[in-house]
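**Student:** Straight out of Swiss-Prot:
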type: COMPBIAS; residues: 233-245; note: compositional bias 'Gly residues'
type: DISULFID; residues: Cys26-Cys103; note: disulfide bond
type: DISULFID; residues: Cys29-Cys97; note: disulfide bond
type: DISULFID; residues: Cys56-Cys68; note: disulfide bond
type: CARBOHYD; residues: Asn110; note: N-linked glycosylation site
type: CARBOHYD; residues: Asn219; note: N-linked glycosylation site
type: REGION; residues: 231-254; note: region 'Disordered'
type: SIGNAL; residues: 1-19; note: signal peptide
Amino acid sequence: MMIKYITIAILFIASLVKADLQFSLCPTCVDFINNDMGDLEKIISGGIATSCGAVCSLLPNNIEQGACNLLCDIVGIDEFLKVFNNIGEDADPVWICEELTVCPKNQNSNATVLTSDVSPASGPHGTTFTIGVAYKVESTLGTGEVAVMVTDPTGSNGFGDAQLIVNTQPGQYSTSFSFAATPSEDEQFPAGVYQVQLMICEGSCGAKHSVTFNSVYANFTVTSGPSVTGQMTGTGSGSGSGSGSSSGAAYLRY
C-alpha cells in the first residue's frame, strides 16, 4: 500500500514538473505567433500539411522552423492544423498558444491594477516618460497581459504596449513602461496633455477571448518643442511578492 502511494506521489510531482517545463515555452510561443503568423497561415492554406516537418520547413529561417516544430510536436500535426484553421479573424497569439497547450489558462483568475504614476509629470520634446504600474493578483492568472494605451492631446493617435505575464500567483507586483520621444517624419507629436490607460487582463487585452479585469488612468504633459513621435517600450522588471513570470517583450498594438 505504501509503495502505491509513493508511486502516485511521484507521478503527480512528475506531471507538475512537466507542466512547468511546458509552460516555460509560453513566451517563446507568443513571440513566434506574433512574428510568423502570416507565413504560417499561407503555408497551411497551401495544403502542404502532411507532417510538422513539412509545414515548418517552409518557414524562412532555422530559428522559426525550430520553434514551429517544437510547438507542433507537442500537440501533433492534426491538432496544430485544427488550431490555425479555427482562428478566423481574431489572430490572438495568447489564445493560440493556450490552444497549443504551452500557455496556461485559468477561467477563475482575478487581478486588479492598484496604482499608476508617470515620471516626470511633464517635460519638453525629447523627454522619456516612465509609466509605472502596481497590480495585485487575487487568483492565479493563467496567461495575461499588463497593457498600456497612451493617447495624444488630439485624441486621434494612440500608442500601445503590453507585457506578457504567465502563471502568475497571488501577490502584489509592479512593472513599468517607457514612452520615449524620438524624431520621426511619420507622425506628429503635439504638445499638450497625454492620457494614459493601464489595464490587466487574462489573455491578450482587447482580444475576443480575453477578460479585462480593470483599468486605471493617469496623464503627463509634453511641452512645446520639435515635432517627434512617441515609442512605447516595455521594461521587464516584474517585481512582486508572489511568483510567476513576466516578459518584457513589447507588442505594439495600435
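Here the Cβ of each residue, glycine as well, is placed from N, Cα and C on the backbone.
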**Student:** Taking the Cα of Cys68 (disulfide bond) as the centre, which of the recorded positions listed as Cys26, Cys97, Cys103, Asn110, Asn219 lie within 10 Å of it?
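**Tutor:** Among Cys26, Cys97, Cys103, Asn110, Asn219, not one has a Cα sitting within 10 Å of that of Cys68 (disulfide bond).
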**Student:** For the C-alpha pair, I'd like the distance in angstrom between Cys56 (disulfide bond) and Cys103 (disulfide bond), rounded off.
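**Tutor:** Spelling it out, the Cα of Cys56 (disulfide bond) and the Cα of Cys103 (disulfide bond) are 20 Å apart.
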**Student:** Around Cys26 (disulfide bond), which of the listed recorded positions (Cys97, Asn110, Asn219) come within 10 Å, judging by Cα atoms?
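**Tutor:** Those close enough are Cys97.
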**Student:** Residues with Cβ closer than 8 Å to the Cβ of Cys97 (disulfide bond), same chain and 6+ apart in sequence?
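**Tutor:** For Cys97 (disulfide bond), the qualifying residues are Cys26, Cys29, Val30, Ile33, Leu71, Cys103, Thr143.
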**Student:** For the disulfide-bonded residues Cys56, Cys103, which one has its C-beta crowded by the most other C-beta atoms within 10 angstroms?
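**Tutor:** Comparing the disulfide-bonded residues Cys56, Cys103, the most crowded Cβ belongs to Cys103.
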**Student:** Could you round the CA separation between Asn219 (N-linked glycosylation site) and Asn110 (N-linked glycosylation site) to a whole angstrom and send it over?
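**Tutor:** Each residue's Cα considered, Asn219 (N-linked glycosylation site) and Asn110 (N-linked glycosylation site) end up 26 Å apart.
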**Student:** Give the helix, strand or coil assignment DSSP yields for Cys26 (disulfide bond).
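**Tutor:** Its secondary structure by DSSP: helix.
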**Student:** Check each residue in the chain of Asn110 (N-linked glycosylation site) that is at least six apart in sequence and keep those whose C-beta is under 8 Å from its C-beta; list them in sequence order.
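**Tutor:** Looking at Cβ-Cβ distances below 8 Å from Asn110 (N-linked glycosylation site), excluding near sequence neighbours, one finds Val137, Glu138, Ser139, Phe213.
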**Student:** Once the DSSP letters are reduced so that anything not helix or strand counts as coil, what is Cys56 (disulfide bond)?
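**Tutor:** Assignment for Cys56 (disulfide bond) reads helix.
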